[in-house]
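Q: Here's a structure for you.
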């Protein structure tokens, strides 16, 4: 017993893998509910799906957030405000487009006042389809974002 010549176990990981693993466990989305998809976003944050267990805490300020969930119809008048919210977020930042209206204009695609997809205003990482998408679909989209973050090179040379 005591200190011997036993093999000691080591955990090895790259700095990229460690940083990305930490980032996946603390995604903080800013609450931007533009239409009916916001109800499903609130449903995903409530007790049944409980996004807190994934480390996801909704923040009221873009300066405290690293994920922007665009939930609903984006109109031309709201587009500059959405871009301003995106620009205020610290790096690294990710965008989830939630619902048919945010993805491509949805039901209101041919309206003069609707932006035909929020990807014309901000770069989108994950698209969640549906009208409105269910809370399960949003949770799946968040899991896909976590998988995307894990695969990203953070400090490695490109």
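Quick reminder: no glycine exception, Cβ is built from N, Cα and C everywhere.
Keep in mind that this is a model prediction, so the values were computed, not measured.
Per Swiss-Prot, the features are:
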- 36, 37, 101, 131: [4Fe-4S] cluster binding site (BINDING)
Q: Using a 10 Å radius around each Cβ and all protein chains in view, which of these binding-site residues has the most neighbours: 36, 37?
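A: Result of the Cβ crowding comparison: 37.
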Q: Since the record lists 101, 131 as binding-site residues, which of them has the fewest other Cβ atoms within 10 Å of its Cβ?
A: 131
Q: Based on DSSP, name the secondary structure state of residue 36 ([4Fe-4S] cluster binding site): helix, strand or coil.
A: coil
